[in-house]
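Heads up, the thing below is written out as structure tokens.
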């Protein structure tokens, strides 16, 4: 435990009854800091604490986090009927707990749930056996254990949990921890690949709920995509559009979509990942035509999976926007990319996989705290049929408000989660790949 947290808050132990009726557990109580302490706390940002805060981990564990969706979520490359993620819980020696989530989206993330559970378990065992070290050293060790894109989602989940525990220890919400620019964000909402009739019904529903920006999944069939767009436009005529092809088009098809939309007097605010992630030439061509001919910005999502990718995008002017997803690059990787993108004039988008309010909440805290994100796409908890997360941010239509609760503010009932011997979701047939 870092001396910073004790010197600021002088925590005291108290007992709290367990939700499941078990033995009461000892918890840390933090008194309200004095104005001077609060002023000091406000200067304890993430970068300052990387080397000054000592992390001493008592427990760490990963478990399945399986949640059904309201309706199947279909994109150009896959169809999902339930979330099959991994939750991570880290407890420091001072009793403070942090929560993380490793999102698994088949054929987008490199990990499946079985792999993610195994790698999260290895990382947690390492953390439990390690001596106390600086926050920076802990996160660097996690990076060495879970390197690159192959384990990025697991790395993100473990990083989230450690950072959340540290923010909880110093008594500050994550949005302040990352800079305190704002405590609110406004998200779009996604319409997956569905029939024109279903798309129109969803658009009408979301319009009534206050959503101004709709993100439409496209990329499987060009003509059907146009029909869906027409149905949405009829149901919600004043909405803003984001098109997300998830690599589904060729460059010529992507330009053809923009031409047909232009004929309908429809201009998307963003065209996300129109072509295959490795089609750099195609991405650059669509970006040039979309901007010069139609005034449409293009975002790199699947093509943006590392700092090296972003450097290439900047060097060759391949996109106008980069979509930051913690599951693609981890928390530290995301912060590096954000700094580079801001310095280079690229616009920023923040998104996620199909996630609960644990991972989405962390990303939202980060985006609100840092500021500077032009596009916010953190809607997937709204698509789940159950919400396993207790407390956390407040939701009012498309607006999320982050409170002054310490850390993330949300938590899971840990003993209620499926344990390692539970059958993974995809073995129950809830995940399938769609033919391209």
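Just so you know, the numbers here start at 1 and follow the chain as drawn.
Glycine too: its Cβ is placed from the backbone N, Cα and C atoms.
What TrEMBL records for this protein:
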- 217: active site, proton acceptor (ACT_SITE)
- 325: active site, proton acceptor (ACT_SITE)
- 244, 272, 301: Mg(2+) binding site (BINDING)
- 196-290: domain 'Mandelate racemase/muconate lactonizing enzyme C-terminal' (DOMAIN)
Study note, to complete from the structure: recorded positions near residue 325 (active site, proton acceptor): from 217, 244, 272, 301, Cα within 10 Å gives 301
Point to revise | For residue 244 (Mg(2+) binding site): intrachain residues, at least 6 apart, with Cβ closer than 8 Å | key: 75, 190, 215, 216, 217, 218, 219, 272, 273, 301
Study note, to complete from the structure: Secondary structure split (DSSP) over the domain 'Mandelate racemase/muconate lactonizing enzyme C-terminal' (196-290) reads 51 helix, 13 strand, 31 coil
Practice item. Summarise the model confidence on the domain 'Mandelate racemase/muconate lactonizing enzyme C-terminal' (196-290) as a single mean pLDDT, whole number. Key: 95
Exercise for review: List the other residues in this chain whose Cβ sits within 8 Å of the Cβ centroid of the Mg(2+) site residues 244, 272, 301, in sequence order.
Suggested key: 215, 242, 243, 245, 246, 270, 271, 273, 299, 302, 323, 351
Check your understanding: Would you say which of the active-site residues 217, 325 has the most Cβ atoms within 10 Å of its own Cβ?
Key -> 325
Study note, to complete from the structure: Counting across all protein chains, other CB atoms within 10 angstroms of the CB of residue 272 (Mg(2+) binding site) number 27
